[in-house]
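Taken from Swiss-Prot as is:
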- His85, Cys138, His143, Met148: Cu cation binding site (BINDING)
- 53-155: domain 'Plastocyanin-like' (DOMAIN)
Amino acid sequence: GALDGSWKEATLPQVKAMLQKDTGKASGDTVTYSGKTVHVVAAAVLPGFPFPSFEVHDKKNPTLDIPAGATVDVTFINTNKGFGHSFDITKKGPPFAVMPNIKPIVAGTGFSPVPKDGKFGYSEFTWHPTAGTYYYVCQIPGHAATGMFGKIIVK
C-alpha cells in the first residue's frame, strides 16, 4: 500500500525477498558491486544488529564499492519497530552532529514511517554517481552521531 511521499508498505515475507535482490558480493566489511546497473538493498535495523545501524548483505554499515558510471538502484527498508530512519547520500564524512544538517547529493528517502501492523516501510531511488567518496547516513537526530552511517567508494 502507499504511504506518505515515496514510501510503500511491505510484509515480512516481501522484505525478505527484497533483501535477496542486492547484487553485491560481501567480503569482510565491504560489499562490492559490478556491472552497469547495481542494486543496493539496505535495511535498518535488522534483528540481531545494534541500534542504530544499517545492514547491507548481513553486514553492519559496510563500505559499498561501486563502479563509476554505474546506475545505482537503492532500496531502503525500515524494519525497526518504534523508530523512523532515512537513507541519504552525502559527500560530508564523520563525525556527524546530533542534528546532522547534511546536504544530500541525490534525493534520498526522507524520513520513514514507523513500522506498524506487521508492515514495514520501504523507499526506492536511483543514483548516477561520479567517481569519489560518499557516505550513506540516517538523518534522524542522533542516529548518524551514534554510528548510523557507512562509506561509499565509487571508482
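Any Cβ shown, glycine's included, is placed from N, Cα and C.
Location within the structure of each feature annotated in Swiss-Prot.
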{"residue": "His85", "record": "Cu cation binding site", "CB count, 10 Å": "26"}
{"residue": "Cys138", "record": "Cu cation binding site", "CB count, 10 Å": "32"}
{"residue": "His143", "record": "Cu cation binding site", "CB count, 10 Å": "25"}
{"residue": "Met148", "record": "Cu cation binding site", "CB count, 10 Å": "27"}
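Taking the centroid of the Cβ atoms of His85, Cys138, His143, Met148 as the Cu cation site, the other same-chain residues with Cβ within 8 Å of it are Ala44, Pro52, Ser53, Phe54, Ser86, Val137, Gln139, Ile140, Ala144, Phe149.
Mean per-residue pLDDT, taken over the domain 'Plastocyanin-like' (53-155), amounts to 93. Reduced to three states, the DSSP call for Cys138 (Cu cation binding site) is coil.
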